[in-house]
Structure formats: structure tokens, C-alpha cells
Amino acid sequence: MEITIIGAGLAGCEAAWQAAAEGCTVKLYEMKPQRFSPAHESEGLAELVCSNSLRGAGMNNAVGCLKEEMRRIGSLFIEAADATAVPAGGALAVDRDEFSAYISKKIEQHPNIELIREEITSLPTEGSIILASGPLTSDALSDELAKLTGSEHLYFYDAIAPIVEADSIDYSIAWRASRYDKGGADYLNCPLNEEEYNTFVQALLDADKVEGREFEKLIHFEGCMPIEEMAARGPQTLAFGPMKPVGLDDPRTCRWPHAVIQLRQDNKHASLYNLVGFQTRLTYPEQQRIFRTIPGLQNARFARLGSMHRNTFVNAPNCLTKTLQLKNAPHITLAGQISGVEGYVESAACGLLAGIFAAYRMREEREPLPPSETALGALLTHLSEAEAENFQPMNVNYGLFPPLQLKRKMKRADRRLAMAARALEILPSWWQPIAEKREGRRHE
Ligand code: FAD
């Protein structure tokens, strides 16, 4: 009953904690302090590499719901966060050193976990392995993973375009069509006349941008170039690129507009749409300000804003089973950012599931999948059911949850609270049997 975990970051520590709670023996490998990724600085486990915020605490935000589920399950990540919280308004933020020290101590003291400070440079060919080496996984390990997934399914950067909530789009302006009516009316199209286009391009050029960190400057921008860089190449570059209007008759004018921004359905429930080709390094406030000048998006609510980061992750819908195993090497389970989730909390949540799943497999029991109505289940479902062709890492959000069956109209804020209430009500049907089995094993 031994599980090997590579990487003692957010996902790896949570996976180790859960697998150990399931009665497994865990060997947890961490390459620090022998070697540091370009973003890691401290020797401690579960290091927060950037912000000290674990985002919204309230149920109006899906990450608040995810954290509450994890809290009810006995997640080490949340236990440490609650114990080391600092004042942060409506968010849960932590003292990063205390947070890391709390988790390090718990892991080091656990009788079922052996922490080994050593870099793993090749993927074991047998045993039960959880790979949780994070978004900055070293080249040697990435090369091995690429061999198992096929290099076209392993990415080294995320070029994330903003996503808007479908019910915040103005459908009196945006219209549904595909270019030259080919392949159904799959896209929503927002038209810009010449003046609107010129103003938009100028706003992109003048906007505040996020500077990439030193190790992120190697990005190959061709093919996934940020829109502001394209705009800087010439005033009409965007109109001949991601904003080209050809084949798109605006039903209000029966003509092609000067430029068009296309939105593509982003989730099964059609509650989210992404701005096609709009990966960007503009700051978040600038994105909200400028993208709301697009006709049809004047009241847009953004489920996710654009970004470009160094990030190693697999094309989860193509490469992973529903239980996070590599399809081509099922003895390896992926956890954390490398599996295609995005964010500190989501990485830890993924580690939590990976630890439980791996333990069940060791006992030759079927892995318990969390219901898709829960935040944990919604996150997992996204990994297996997102559209593989345009897969990008995703923070948890209510657009990933199955819609509510509503008998009467409900305000958006109330809908979110109702989704959270449904999640927390359903959670015990999944968690209780796991907890009872754990309790039973403790008394054996
Ligand atoms: P990590 O926490 O990175 O853990 C991986 C661990 O594996 C590390 O300790 C590493 O040393 C170890 N390791 C790697 N390779 C090996 C090996 N071969 N052998 C042994 N050990 C190994 N998310 C947010 O929510 N908020 C943010 O502000 C934020 N900022 C980010 C900034 C940067 C620069 C990056 C790259 C990502 C950021 N993220 C942020 C995204 C993501 O949430 C974090 O990277 C998160 O830490 C991912 O958790 P993880 O467990 O997958 O990986």
C-alpha cells in the first residue's frame, strides 16, 4: 500500500495527507532545497509562489464553495489556511511562511508519510505514482511526460483568453453565426465599425500591461501572441487576424462590419463564452475597462480574465481518465496545476482527489467520484469533459456547475448561493461513506 508522490507543493502535500489518512504509506519527494524552480524561493513545503490570497471566502464565489467543501472533508490545505489567516476583507489570505511551516510540520510528523528531499528525474515505470511537480516542472520530467502523452498534448505556457458569462452579453448587438455560415451558427459575433475599431486598437496600445517575469520572457508568441502585441505590429493587424470580419454578415446591416470579435462556447452548459484569440497581458482592470467597450459586451461579467504564464500542463480531456490517471500510463495519477486546473485552491483540491483515488485503487476498490453538483466534482468534470481542442487551465467557477432546475426566475447572486447550497447539501452523500470507511479502518 505504498504511494510515491513527486512534488511537495500544494497538490502533493494534500495528496499525501489524504492518501495517508486512507491508511497508505506515502513516499513524498521534494527537490527543494537541492534544486529550486524559477519561482520557488523557500525550503518549506506548499510554498505560495506569488500572492498570499486564496481568493474569495464567501459562497457568492465558487472558490469559496470549493474551500468550504475541502474544509468539511478535512483538507490539510484549508486547515493550514484557517490557522494562519490574515485579515483580507472578503478573501481568505494567509501568512505565507506560517502557512508553509504549518503544512511542513504536519507532513514531517505524519507516521505514514516519509518526506525525501530529492529531485526525481525520470518517471517510475511501476508502482502507484502521483505526479504533482507543478507548473514549472523541470525539462527532464516534462520530456518523459511528453513521451507518455504525446508532445502535442503537453503545453508549456497558458495563453488564456477572457471568458464572459453568457447572460451578460447583449444579444440585440451580438449575433450567432459561423464564417460564411459554415459549420452551424457556433459563434457569437460582436461587430465594430471603423471608428470603434480604431479606438479599440488605440486603447490596447495605451493600456497598462503586466510585465512577464524573467523566466517567462522566452514565450514563443507566434500562434499565441497577445492581442496588444498584435495591435502594436500595425493598425490593421488585428482586423486581418483574430478580428477579421470576412464571411460574417451583421444581420442589422446585412454587411460585413469593419472588424468582429468572435466568442466561442466554453462549457457544456453554454453559460460561458471565450473571446477567441484574445490572450493578453493587459492588467485585469484594463481588460475589464477595454473589453466592455466592445459592442455587445458593454455589461459583460468576466468569469475569467486573460493572462499568459509559464505553465506546464496536459491536455486533460485527451490525456487523463476521469480519475486523473494518464490514459497511456494508468499507474501515474496527475495532481495540481500539471493536470490542467488553475490556482492554489484548485491545485490543492485536485491533490485531495488524487490522494483519495490512488488509495482506493491500491485497495482495488472503485474510486469514488464526487458529484458534479459539488465544486470538487465540477472541477473534475471540467478536466474530463472540456473541449479538448481549445483546452486551457481553469479556475473553479459557477459556470462549470450543472444549471439549477429553476421554477421561477432568480437573481444571479441568489442563483450562485443556491448552487453553493446544493453543493454542500449533496457533498455528504459522497464524503460520508469515505469518512466512515476511514473510521472503520482505524478501528481494525
Ligand atoms: P507547486 O505548488 O509548484 O508544487 C510543485 C512542487 O514540486 C514544488 O515544491 C517543486 O519544488 C516540486 N518539484 C518539481 N519538480 C520536482 C521533481 N522533479 N522532483 C521532486 N520535486 C519536484 N495561483 C494562484 O491561485 N494565485 C497566484 O497568485 C498564483 N501565482 C502564480 C505565479 C507563478 C509564477 C506561477 C508559475 C503560478 C502561479 N499560480 C498562482 C498558479 C498555481 O496555483 C501555483 O503554481 C500552485 O502552486 C500550483 O500548485 P502545484 O501543487 O500544482 O505545484
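Cβ atoms are placed via backbone N, Cα and C, with glycine included.
Database features (TrEMBL):
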- G7, A8, G9, L10, A11, G12: FAD binding site (BINDING)
- 3-365: domain 'MnmG N-terminal' (DOMAIN)
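Features as recorded by TrEMBL, highlighted on the structure.
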| residue | record | Cβ contacts under 8 Å, 6 or more apart |
| --- | --- | --- |
| G7 | FAD binding site | Y29, E30, M31, L131, A132, S133, G134, G336 |
| A8 | FAD binding site | A16, L28, Y29, E30, L45, A46, I107, L115, A132 |
| G9 | FAD binding site | L45, A46, E47, A132, S133, G134, G336, S347 |
| L10 | FAD binding site | A46, L48, F77, G336, Y344, S347, A348, G351 |
| A11 | FAD binding site | A132, G134, A335, G336, Q337, S339, S347, A348, C350, G351, A354 |
| G12 | FAD binding site | I5, I6, L28, E30, L45, I130, A132, S133, A335, G336, G351 |
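Of the chain residues outside the FAD site list G7, A8, G9, L10, A11, G12, I5, C13, E14, A15, E30, L45, A46, A132, S133, G134, A335, G336, S347, G351 have their Cβ within 8 Å of the site's Cβ mean position.
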